[in-house]
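Only one structure is covered here, and it is reproduced in the block below.
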Amino acid sequence: MMRFYQTSCSRNGSKAEQEKPTSLDSQPSFCSVPSIKSLCHDQSFSRNLETQHRCIANLKGQNSYTSSLVLGGKFLFTGSSDKEICMWEQKALTSTIDASIIDTVIAGEGAVKSLVILADKLFSAHQDHKIRVWRIENHDTDTPKIVHLATLPLLSDRVFKFMVPKNHVQIRRHKKSTWVHHVDTVSALALSNNESFLYSVSWDRTLKIWRTNDFKCLESIANAHDDAINALEISQDGDVFTGSADKKIKIWRKEEKKHLLVCTLEKHKSGVNALAVGRSSTSSHSVLYSGACDRSILVWEKDESGDMVLVGALRGHKKSILCLAVVADLVCSGSADKTVRVWRGVERCYSCLSVISGHNGPVKCLTVTSDQQIPSDTTSSYVLYTASLDGETKVWKIFVPFL
């Protein structure tokens with residue numbers, strides 16, 4: 001068992017030199033954080049960890065590459081780099097023939113950067129600085145539809161804030177806006193555990209909190225980072241994690257009516273692109289995974305005092321980590337090296353179970369879920385959805401042997 005490594009968890013968030021990657025090429029790796037030792041110390045254990053995967057569908061129909069994915073009920077929703085949101089039926093994605101789109105809507109301008117599902121509502125984050133809310137109508141019929149419900153911030157919210165001068169903030173020289181507006185690409189969304197609040201982050205360096213029942217903006221944290229915010233996750237205990245091109249991960253916690261910065265994690269050597277949250281196999285605490293342009297996935301856990309500590313790094317990708325997803329004890333990572341890696345973590349030790357090749361471009365986003373259709377006494381089955389800058393969105397079955 002390897003020992004913990006204490007993070008630089010500064011309470012005041014000391015500034016670091018900014019470094020915003022200008023391409024998908026990875027930044028230099030580093031050796032200050034040790035790799036997590038593999039579980040496969042003997043051949044018998046290695047044989048037990050043999051994992052199989054196969055591509056079962058290739059989704060076509062969008063006019064450009066998929067930039068976001070989310071599963072909701074019996075549907076898969078995809079957002080494209082060319083303002084499309086498409087709805088697919090999950091059970092139809094089980095063969096190698098091309099699946100068809102159930103419904104498509106065109107929203108705003110530019111890429112759809114993030115999608116989040118809440119009951120029959122879909123929230124989408126856009127490159128045009130807006131958040132849009134959609135209702136999934138007739139979802140129990142053969143003709144479900146995506147219907148536009150609202151655009152955030154709401155007109156009523158904008159007008160009310162505009163009338164009061166103290167609600168205006170300087171966004172650049174000679175230009176002001178109200179604090180409810182994002183003024184750059186909205187890069188990620190996340191729901192609170194009780195689904196009462198929607199969190200959004202942006203390349204404008206702000207973190208905003210919205211109420212989901214009336215879509216009102218309740219709070220905005222300006223200059224939450226020193227550079228564009230790329231990633232957002234929420235733990236089971238309500239902590240909010242943000243990852244940025246400034247190389248930092250920050251942890252925010254709600255105290256009474258406001259969110260306060262409680263910790264800054266500074267171990268990555270280049271911009272943070274992706275975050276994912278899982279549950280520790282040794283405690284009830286959350287595990288945070290962070291992926292960056294330094295080609296490493298860092299694994300963080302809480303110690304006995306409640307502080308986040310660094311367990312180690314998962315290495316193997318040859319270029320930047322662009323996306324992460326967690327299901328059960330598996331971590332899936334997509335990279336600019338055109339591959340997806342599947343990792344398993346047991347008692348703070350990790351092993352790479354599989355390297356999935358098949359895309360001809362960087363893997364931009366992915367999501368994964370347990371497969372309930374094929375029960376087995378020897379393996380767990382998962383369905384993995386991956387999307388690449390090559391314009392293809394693929395569906396994979398993964399079979400992982402029980403430990």
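The chain as shown is numbered from 1 upward.
Placed from the backbone N, Cα and C atoms, the Cβ positions cover glycine too.
Sequence annotations record features per position, and here TrEMBL assigns compositional bias 'Polar residues' to 1-13.
Annotation source TrEMBL lists region 'Disordered' at 1-27.
Within the chain carrying the repeat 'WD' (179-220), a Cβ under 8 angstroms from the stretch's Cβ atoms is held by residues 110-111, 113-116, 118, 121, 123-127, 129-131, 133, 150, 152-154, 157-158, 161, 167-169, 171, 226-234, 236, 238, 240, 242, 244, 252, 257-259, all 6 or more beyond its ends. Annotated repeat 'WD' per TrEMBL: 179-220 (among others), in sequence order.
Helix, strand and coil residue tallies for the repeat 'WD' (222-262), in that order: 0 helix, 23 strand, 18 coil [DSSP]. Taken from TrEMBL, the feature repeat 'WD' applies to 222-262 (among others).
The repeat 'WD' annotation in TrEMBL covers 314-343 (among others). Counting residues per DSSP class in helix, strand and coil order gives 0 helix, 18 strand, 12 coil for the repeat 'WD' (314-343).
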Any residues 6+ beyond the ends of the repeat 'WD' (314-343) with a Cβ under 8 Å from its own? 21, 24-27, 29, 35-36, 51, 53, 273-278, 281, 289-299, 350-357, 359-370, 380, 382, 384, 386, 388, 398, 400
